[in-house]
Amino acid sequence: MTIISDVYAREVLDSRGNPTIEVEVYLESGVLGRAIVPSGASTGAFEAVELRDGDKGRYLGKGVLKAVENVNDIIAPEITGLDALDQVAIDKIMLDLDGTPNKAKLGANAILGVSMAVAKAAAEALDIPLFQYLGGVNAKQLPVPMMNILNGGSHADNNVDIQEFMVMPVGAKTFKEALRMGTEIYHNLKDVLKSKGLATGVGDEGGFAPNLSSNEEALQIIMEAIEAAGYKPGVDIKLALDVAATEFYDEDEKLYKLTGEGVTKTAEEMVDFYEALVKKYPIVSIEDGLSEDDWEGWRVMTERLGDNIQIVGDDLFVTNTERLKKGIQTKTANSILVKLNQIGTITETLDAIEMAKRAGYTTVISHRSGETEDATIADIAVAVNAGQIKTGAPARTDRVAKYNQLLRIEDMLGFTGQYIGNEVFYNIKK
């Protein structure tokens, strides 16, 4: 019933109009599992390799026909005839087939597409939701959404250095209420921007992307929008930042160049900057506040801010257990951002989450800036009781698909579902 009978990959488009890979896994019972792989704009240097064709005459070199070929010609023959319920074994076979530490041979996009589609086919065959298949009977916690309502950095074409300004509806009682609160703030933010004569075009993840005089002005405008929506900053709503500092770090000079503000800072000065913002605004989480290789700077930031706010490693850890292990040993950061395509298989993703939780780190399940209608990350967030999800603004179908899936999951869980709000920050003083 759960034996794989066929595997097929094709090239499709993501939300930025770039090619990505879709994989279909068919079982002997006729069941189909289908998955589409996302793609990032600000990518960590230590991420698994996303295989692109490089043929400038086709999709400006961004085609993925080679990855598609690797699935159809190399991976498919090896896993056809295997049981889709053997997720760990199938993922291991693909890792062995690739044989490189960063999936450079077959491509993380090829491997992940198959890994996700196998899991979906298995869940479908058992007639249970994906979150329940991956997480078992204890998968019950709906995540607090980190809603990216204002964009800068490489996710937008403006002069704001910080990549994402997010609201977290920690005061909600249910996920449904949290989504409503965040959405109302988003619409009020549009009105606030209009009233100031600022642009209301959106970035890759659906957040607004106006030109502002400073990074702090973005926070001030969001505070206005929260109050205009009738909510109390710091009580109903907390703020989160994704700085993506690697994007403006000068490796040679060891300096952070915030070109939007026309200033240059050392790691210590960046931490001073964050400390001042945290004192002034209800910021509960800062992601990638320093460069992915500035381990000493990260240690200082964790030492100074880690008791009071969530310090999230994205480019720092790239969902990789080896880099996470180093972070745990050196007391660097206190939270990990989890992106499936940074590491490339369901199994390795779950391993990273387990390692983080055992060390007392919080986990944030995340989308990529180049997304699709695939909502797998919504199921994974509930499967592992992550407590937090980052999947953009309540706009653009590629983002809303994940929120709508979480609404469905909340309905499926009924009274057993939990939304714990502020309690997701279990390792800091709230």
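Quick reminder: no glycine exception, Cβ is built from N, Cα and C everywhere.
Here is what Swiss-Prot records for this protein:
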type: BINDING; residues: Q163, K339, R368, S369, K390; note: (2R)-2-phosphoglycerate binding site
type: ACT_SITE; residues: E205; note: active site, proton donor
type: BINDING; residues: D242, E287, D314; note: Mg(2+) binding site
type: ACT_SITE; residues: K339; note: active site, proton acceptor
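Mapped onto this structure are the features recorded in Swiss-Prot.
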| residue | record | CB count, 10 Å |
| --- | --- | --- |
| Q163 | (2R)-2-phosphoglycerate binding site | 28 |
| E205 | active site, proton donor | 31 |
| D242 | Mg(2+) binding site | 29 |
| E287 | Mg(2+) binding site | 28 |
| D314 | Mg(2+) binding site | 28 |
| K339 | (2R)-2-phosphoglycerate binding site | 25 |
| R368 | (2R)-2-phosphoglycerate binding site | 28 |
| S369 | (2R)-2-phosphoglycerate binding site | 24 |
| K390 | (2R)-2-phosphoglycerate binding site | 29 |
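Within 10 Å of the Cα of S369 ((2R)-2-phosphoglycerate binding site), the following recorded positions from the list E205, D242, E287, D314 place their own Cα: E205. Spatially, by CA atoms, the recorded positions E205, D242, E287, D314 include one closest to Q163 ((2R)-2-phosphoglycerate binding site), and that is D242. DSSP assigns S369 ((2R)-2-phosphoglycerate binding site) to coil, not to a helix or a strand. Highlighted in sequence order, Q163, E164, L241, V243, A244, I286, D288, V312, G313, D315, L337, S366, K390 have their Cβ within 8 Å of the centre of the Cβ atoms of D242, E287, D314, the residues recorded for Mg(2+), and are not part of that set. When the CA atoms are compared, the recorded positions lying within 10 A of R368 ((2R)-2-phosphoglycerate binding site) are E205, out of the candidates E205, D242, E287, D314.
In terms of C-alpha distance, the listed recorded positions E205, K339, K390 place K390 closest to D242 (Mg(2+) binding site).
Considering only the recorded positions E205, K339, K390, the residue whose Cα is spatially closest to the Cα of E287 (Mg(2+) binding site) is K390.
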